[in-house]
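Asker: Structure below; questions to follow.
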Amino acid sequence: MLSMKVAVLGAGAWGTALAAHLAVRHDTLLWARDAALVAELAARRENARYLGGVALPPGLRYEADLATALSHAQADDALCVIAAPVAGLRALCRAMRDARRVPAHFVWVCKGFEADTRRLPHQMVAEELPDHASYGVLSGPSFAREVAQGLPVALTVASASAACRERTLAAFHHGAMRIYTGDDVVGVEVGGAVKNVLAIATGIADGLGLGLNARAALVTRGLAEMSRLGVALGGRAETFTGLTGLGDLILTATGDLSRNRSVGLQLAAGRSLDDILAALGHVAEGVRCARAVLSIARERGVDMPITEAVCAVLFDGVAPRDAVSGLLRRDAKAE
């Protein structure tokens, strides 16, 4: 028996994977702005563009009209999942507001800072929907393809609203997916943003053949950078040793399905950033938000040498091996 109505906004790899999981238990509607993609999904029961080879559940429905999708998740016992990238979150919030169809409860799954404003996702939502309160972030170590295949995964929903946490738990906590709850929205979002930048660093190190010792050092010292920035922005230190901090960092920094790690590997091989991004075909949020992370860190007086090295390679033309050498030349310090 289908137990609740859920609308998923965004039919990329992650939105499709989450919708596939939800549709096993719930009346789930997957929205995409591209009507041709919606028709293709309905006809093939497969998202060949973003998640090829994964059969989608027969009960999953598809929609190209945003108002219809939002109407599906209006009730107090429903849930809306925003699966757009950070760059599209603000526009979707405005569209919900302008349509006067803001869902009672919604969560977003994007990770990063808005490039031009340096806002975290919850700050964008608060600016666009100031009269709404029941929302939060769903995050954690997860690759879309594995979720779509029904492999085990653990995620965290963080929200100031108990009702939002309860709705999200009721929607997602079944099968091979385990959901934890909390209220440290800032900590969860900072972890999700910074780990993408750090994954580029580990990709560079692995691509240069620097070994597993170097990878371990980058992950642990990167975690220290993440925690320092997160605490400076109002997050709690313990959040960064959990799923959305250390867990997500380990996965993104070491997993072969990681787009950000792939960017680092290819930079180490001598490819230009423009060529890498053109060939990737998907979002690499670490590239998008690296400047914002470093800018905020400098503004707050937070030392983030690994992030600085990544930005030097991405944007200043510094050779990957020279950036690593710069890190090794840093003065010794207490841990």
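In case you wondered, yes, glycine gets a Cβ from its N, Cα and C as well.
Found this in Swiss-Prot, in case it helps:
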- K195: active site, proton acceptor (ACT_SITE)
- W14, R33, K111, A144, R259, V283, E285: NADPH binding site (BINDING)
- K111, G140, S142, K195, D248, S258, R259, N260: sn-glycerol 3-phosphate binding site (BINDING)
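Have a look at these and tell me how they're positioned relative to everything else.
Answerer: K195 (active site, proton acceptor) falls within a helical segment according to DSSP.
A helical conformation is recorded for E285 (NADPH binding site) in the three-state DSSP classification. Taking all protein chains in view, 24 other C-beta atoms sit within 10 angstroms of the C-beta of E285 (NADPH binding site).
The Cβ of N260 (sn-glycerol 3-phosphate binding site) lies under 8 Å from the Cβ of N196, V197, A199, I200, G203, T252, A284, E285, G286, V287, each of which sits 6+ residues away along the same chain.
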Asker: Please report the number of other Cβ atoms within 10 Å of the Cβ of D248 (sn-glycerol 3-phosphate binding site).
Answerer: 27
Asker: If one measures from the C-alpha of S258 (sn-glycerol 3-phosphate binding site) to the C-alpha of A144 (NADPH binding site), what distance in angstrom results, rounded to a whole number?
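Answerer: Answer for this pair: 10 Å between alpha carbons.
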Asker: R33, K111, K195, R259: which of these recorded positions has the sparsest Cβ neighbourhood within 10 Å?
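Answerer: Result for the recorded positions R33, K111, K195, R259: minimum number of other Cβ atoms within 10 Å at R33.
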Asker: Are there residues of the same chain, six or more positions away from A144 (NADPH binding site), whose CB falls under 8 angstroms from its CB, and which are they?
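Answerer: For A144 (NADPH binding site), the qualifying residues are A13, W14, T16, A17, Y50, L51.
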Asker: Distance check, please: Cα of S142 (sn-glycerol 3-phosphate binding site) against Cα of K111 (NADPH binding site), rounded to an integer number of angstrom.
Answerer: 12
Asker: Look up R33 (NADPH binding site) in the DSSP assignment and report helix, strand or coil.
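Answerer: It is coil.
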Asker: Measuring CA to CA, name the entry from the recorded positions R33, K111, K195, R259 that ends up nearest D248 (sn-glycerol 3-phosphate binding site).
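Answerer: Spatially nearest to D248 (sn-glycerol 3-phosphate binding site) by Cα position is K195.
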